[in-house]
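Peer 1: Dumping the structure here so I can ask a few things about it.
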Amino acid sequence: MASLKVAVRVRPLNKREKQLSSKVIVHMKGNSTSIYKPSPNRGDELKEKGKTFIYDFSYDSSNRGRPTCVSQEKIFHDLGSDVLKAAFEGFNACVFAYGQTGSGKSYTMMGHADDKGLIPQICEGLFSEISHRAKVDAVSFRTEVSYLEIYNERVQDLLIKKTIPTYGGLRVREHPRDGPYVEHLSKCLVQNPNEMEDLINLGNANRTTASTGMNDASSRSHGIFTIRFTQAWFDEEVPRETLSKIHLVDLAGSERADSARTTGTRLKEGANINKSLVILGSVISALAELNVGGQSTKKKIFIPYRDSVLTWLLKDSLGGNSVTTMIATISPADVNYLETLSTLRYASRAKNIVNSPTVNEDENVKVIRELRAEVSRLRGLLEEANQVCHVEPCSSVKVEEELLQNEARVLQLTKEWTSKWGET
């Protein structure tokens, strides 16, 4: 069991907020974040007692001139390194950024060429660790990536050129063991960080963005960048293989139509974004209630995963098989008081979610290990039978036949597994 890790990051005042002579109403100390309700009279000081929230991390990036300003590298050290640790241990991992439009989600997740965010740094860290481990241990690695956007509740592949628009989008299916997946989504084999960077840039170029009253480059879709990371090695002649999925999610921002001054297509986009975020909030609230109530909760709590494509695809990351981190991004300005308070409450509820991450082992490798355990058990039975004179011969013959069959099966499966990785 693992609780959802929650971090909050406040950005500097932007150009619009400075033009409105906005006051800073968010203050951070340690892992606490406080917000103060602005006075009705713009010239007055903040007199009312603020609301304080406690998170795993509170990142103050509101003043880049201060030495205490939290950098992209610090956030990677705290959050990204845990993602890599989980992946190399065979667990699924997820990081998703949530906040109102223009609050710094894409900057935190992607960053810029000279100030990289979580996604590029995690990719670089992954290949750095692969290079190190390949020199020290006899381990084989395979890395595949996919990149999709959810635009108006339709899934689009960001790693293929949009020559012909797929109006219906790609279909979301659900595997009985592996959970939800996108049918016909491209998976690109990646050998080095440069190839990874090229695919990230391709996906970002294909992603739907537009200018609104709140943000000059507003993401009009939710973006999910997924790394499928497989490790294979021999542990005392026993094959071992783990598969980890890393979901790195840049959510589109919640927005108010009057503040963002959206009409027509932008208004429809905003409505669909808000709808999916409301459903995400319902899922988070239901999971939080489920875990707070525990076994004493009498009523059965329904988790509305399928009400939105976003929550359906993130089903494992929210309350399922994943080590998950949420980073909430907020504005420090008084003009965004309601949106910021809503985000902080949202993040506070998410702290109560408890996931159940498990090591994802290849099914054939699991069968090989179980067969080897059975072979050891049968050998023990045969040894006992040989030491006891009154045991019927037919009983020993049956055990010996089963032993030989299992040994042959182990050899065959091990050979097939070794051949598969030899081709890879």
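The first residue you see is number 1, and the count goes up from there.
Just so it is clear, glycine is given a Cβ too, placed from its N, Cα and C backbone atoms.
Quick paste from TrEMBL:
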- Gly99, Gln100, Thr101, Gly102, Ser103, Gly104, Lys105, Ser106: ATP binding site (BINDING)
- 3-353: domain 'Kinesin motor' (DOMAIN)
Peer 1: Same-chain residues six or more away whose CB lies under 8 A from the CB of Gly99 (ATP binding site)?
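Peer 2: Spatial neighbours, sequence-distant, of Gly99 (ATP binding site): Lys105, Leu251, Gly253, Ser254, Ala328, Thr329, Ile330, Thr343.
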Peer 1: Of Gly102, Gly104, the binding-site residues given in the record, which has the fewest other CB atoms within 10 A of its CB?
Peer 2: Gly104
Peer 1: Would you count the other CB atoms within 10 A of the CB of Lys105 (ATP binding site), including those on all shown protein chains?
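Peer 2: Here the count is 27.
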Peer 1: Return the count of C-beta atoms lying within 10 angstroms of the C-beta of Ser106 (ATP binding site), excluding that atom itself.
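Peer 2: Other Cβ atoms within 10 Å of Ser106 (ATP binding site): 25.
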Peer 1: For a quick check of packing: other C-beta atoms within 10 Å of the C-beta of Gln100 (ATP binding site), how many?
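Peer 2: Neighbour count, Cβ to Cβ under the 10 Å cut-off: 26.
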Peer 1: Report the member of Thr101, Ser103 (the binding-site residues) whose C-beta atom has the most other C-beta atoms within 10 angstroms.
Peer 2: Ser103
Peer 1: Averaged over the whole of the domain 'Kinesin motor' (3-353), what is the pLDDT?
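Peer 2: Taking every residue of the domain 'Kinesin motor' (3-353) together, the mean pLDDT is 88.
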